[in-house]
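**Student:** The following feature annotations were taken from Swiss-Prot:
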ACT_SITE  CYS79  active site, nucleophile
ACT_SITE  HIS183  active site
ACT_SITE  GLU185  active site
DOMAIN    3-202  domain 'Glutamine amidotransferase type-1'
Amino acid sequence: MKRIVILDYGLGNLRSVQKGLEHVGSSPAISGDPEEILAADGLILPGVGAFVDAMKCLDPIKGTIEEYARSGKPMLGICLGQQVLMSSSEEGKLTDGLDLISGKVLRFPKSELKVPHIGWNNIKIKQDHPLFEGIPDNSFVYFVHSFYVDTASENTLASCNYGLDFSASVVNSKGNVMGTQFHPEKSGAIGLKILKNFVDMC
């Protein structure tokens with residue numbers, strides 16, 4: 001069986017991601033150990049909280065994550081986990097991300113729409129990629145976030161509109177480092193299919 005590691009770096013709803021992966025037939029490990037990370041067939045970066053805090057927590061294993069990304073093996077960032085993959089974020093103060101995918105994380109502008117963006121919304125698939133194999137365009141998925149990845153990034157896999165268009169999913173140029181702003185583990189059958197697609201990539 002493919003070994004999937006859910007990265008434990010002090011932030012994130014690890015158990016819900018673990019249950020989602022178990023539902024699609026995987027037996028993921030939860031670990032922050034560099035050796036276990038590098039030995040994994042697939043790596044998931046969950047995340048709930050502030051970008052600055054996440055980067056501080058990731059700092060001791062930043063080099064390990066970068067090495068894993070270079071290996072070509074699949075890696076998936078979820079919610080805040082997607083945001084930390086990017087070049088930078090304006091949350092709090094301008095903070096550098098892991099810069100594994102080019103793009104900026106921005107704050108939703110003040111408008112009549114409530115922030116954070118919480119709930120179900122449809123996504124537009126922009127590129128063919130194994131992560132979205134069998135996922136119909138305009139599928140609904142579940143979001144909880146106050147910051148977004150700018151769709152100016154050519155790395156957008158899928159977009160969503162909440163007052164403005166933003167990147168609901170991103171991918172690096174090699175195709176192995178991916179992110180979803182939405183929570184696949186909370187997105188019903190569609191989300192579980194996306195998790196299954198990730199496992200199948202590993």
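First residue shown is number 1, and so on along the chain.
Cβ coordinates are placed from backbone N, Cα and C, and glycine is handled just like the others.
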**Student:** So how many other Cβ atoms are close to the residue listed as 'active site, nucleophile', meaning within 10 Å of its Cβ?
**Tutor:** 26
**Student:** Tell me the coarse DSSP state (helix, strand, coil) of GLU185 (active site).
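**Tutor:** Where GLU185 (active site) sits, the three-state DSSP reduction gives helix.
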**Student:** Applying a 10 Å Cβ distance cut-off over all chains shown, what neighbour count does HIS183 (active site) have?
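**Tutor:** Other Cβ atoms found within 10 Å: 21.
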**Student:** Do you know offhand how many angstrom separate HIS183 (active site) and CYS79 (active site, nucleophile) by C-alpha?
**Tutor:** 6
